[in-house]
Structures are given as C-alpha cells and as structure tokens.
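Report on the structure given below.
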Ligand code: SF4
C-alpha cells in the first residue's frame, strides 16, 4: 500500500480513471465479474463488502476464496485516490481532506460533525468551469469531470473512517451528503446521478443513505435542473443565486448570461414541486456588492410564497481578492428584510474557515 500522499504511478493527463465497482450498476457488476471468469454471485458478495460492510480490505472477505479476492480487487477495486493530507479545525469537528487522484489531480472533501448528524461535502469535478469571480476554484478553471467512483470513494472513505472510529469524536454514521465541494455537479450530470444511485440504493447495491439527506447544488444550469426534476428523486436542490437581479448576477455568476434569474427560479420551483422538497437558495453575502437592503427586498419579493429556504453565506474571502464579507449590521438587516417577506432565512455556519479561505483553496495550495 502506498503511504498517504503517494501513488504507485501518475497517469498522463487525459487518461481515464480506472474502472471501479462503484462505476457500475448491479447488472454491470455481474457482467464484469463474469468477464473475469468468476461466478456472477461474486458481484453481490463484493458489493456486500464494499457497500454493505464498508470494507475495502480483501483479507476480511472470508466468503470469497483467496485467489478470487486478488483477481476481483485488482479488476474492480483499484485504488482511485490517496490522502495528501487531512486538516482539522472547529475543535476537530471539521476534517478537510485533500485527495490526489490517479492522474495527480487534486480534489477535496470535508467531513463535518454536528450534535445530531454527520455531513460530508464532496467534489464532483476537479476545478470548475463556471468562473465565478469571487471563488478560488472558479479562478483555476475546470481540470476534468470526476468519474462516478471518484465521487463515491470520497464518501466511502469517510464512511469507513467514521465506522472505524478513526475520525475525532469516535464512531458514527454518515447522514448527509452535500455536492458543494469543487465543481458544478449538474455539469457532470450522468456521473453525479450514478453516484447518487450508489449512495442511496439499499445495501448491498449501494450505501442505503436517504435521498432526503443528499443536497445537490447548482449555479443554475436550467436544462439540467429540469432533467434532474424528472428523475423522481427526493434529494434537495440548492441554487447558488448570489444576486436577485440579472445585471449583478451576470457578473457574479457568469452562467447567468445564458440563463437569467427568472428562468433559473422557474426551474427551481419546478424541482420543488416535483420533488416535494424546499429549494435552498444559497446567497454569499459580499460587502457592498450584493448585500444592500433593496436587494434583500427584491429577493424577498421574487421568492416569497414558494417552497424555499434562504441560506446566507458570509463570504470566505480569497487571499488578494477585492470581495469580502458583509458588515454584521448589513447581514442582520438582510436577514430581517427577507424574514419580513415571510421567507425562512438562516445564516450558514462557516465550518472550516480556519483552515482555508473559500472553496477550493486547499487544493489550490497543493
Ligand atoms: S462558486 Fe461554485 S460554481 Fe462558481 S466557480 Fe466556484 S465552485 Fe464553480
């Protein structure tokens, strides 16, 4: 086994991630196992170990003959990523992990313990092509989409560590997953959707997490939002709005030049109706940019009486950036005005601020 941060080889850029059990549907797993000359029922045994027991240690798979274990592990459970480092903060209740993928690409995930739940925030792409000017990840651009298994393995590794008690705070179970790490999940649609199936299919086909515990965030890729609404899932959708008017949103979220605020909100309400879930509107409060009282009123008017909840995020400034967090009094007034429109509003707790500035900075620091 390589040491943390070491990989046995680094593939050239452009190479595809190795195929992994978590890339495959239950039917495809049977085929893959048969191609190796193994009995198809080994697929279920393997799934039971990886998903059901959260074990990636072939030594413990005593129901599979030793010779088959080696073959199956090599073909279907290749090492996809290694830990470059874990960084803890918030009295060890937050653990951020920087991963190195098979081709040397860096991505990150964050595990957060709360009194009543454990949440993991994961990446769906290496980098991000959405180019939001206040975001560290956006500045670096998109490196590539992650494979389904690369998305799932971030969770699987966290679940294994929680199960073994190796995360500070002792043994626990993962309850929530948010696709709010690096990348725009709906720009990597098929792989993200397969990853959601792997996370939520009952064991041993998947990890059996509740769809209601999964949140997918988007900057507002309208056609993909409609497609996602038609999947029949009960995941939560989080829309990164950041401005209620097209003039400012064109600047803060450049994809708005393609799909405007009204269209994006319509797609969000369509999702809310089909999924039966409140949509979460994410709004990073940026001093003197989008935190004016009149913008709070405009936002309140646009979204009142909808199935919605607003999550205000005090901006985590990128070093050297002109964008910075709002003054506390402006933040309070923003909340007050939204609530006056009857819109449920909370200010997000900013876990992980001590260890990095904004999303993507740990990977950017390499
Ligand atoms: S804020 Fe989100 S969507 Fe925008 S560039 Fe950063 S990671 Fe991408």
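Glycine is treated like the rest: Cβ placed from N, Cα and C.
On a predicted model such as this, the values are computed, not experimentally measured, just so you know.
Taken from TrEMBL, the feature region 'Disordered' covers 1-20.
Every protein chain considered, the tally of other Cβ atoms within 10 Å of the Cβ of residue 108 (active site, proton acceptor) stands at 26. What TrEMBL lists as active site, proton acceptor is 108.
The domain 'Radical SAM core' annotation in TrEMBL covers 114-354.
According to TrEMBL, the feature [4Fe-4S] cluster binding site maps to 128, 132, 135. DSSP gives residue 132 ([4Fe-4S] cluster binding site) a coil state; it is part of no helix or strand.
The S-adenosyl-L-methionine binding site annotation in TrEMBL covers 183, 184, 217, 240, 241, 242, 316. Long-range Cβ contacts of residue 241 (S-adenosyl-L-methionine binding site) within its own chain (separation 6+, distance under 8 Å): 220, 249, 253, 261, 264, 265, 281, 282, 283, 299.
Residues or ranges marked as active site, S-methylcysteine intermediate by TrEMBL: 359.
The binding-site residues listed here are 217, 240, 316; among them, 240 has the most other Cβ atoms within 10 Å of its own Cβ. Proximity of the recorded positions 108, 132, 217, 242, 316 to ligand 1, judged by a Cβ distance under 6 angstroms to any of its atoms, singles out 132 in sequence order.
Ranking the binding-site residues 132, 135 by how many Cβ atoms sit within 10 Å of each one's Cβ puts 135 at the top. Between the CA atoms of residue 128 ([4Fe-4S] cluster binding site) and residue 316 (S-adenosyl-L-methionine binding site) there is a gap of 18 Å. Long-range Cβ contacts of residue 184 (S-adenosyl-L-methionine binding site) within its own chain (separation 6+, distance under 8 Å): 124, 125, 128, 129, 130, 218, 219, 221.
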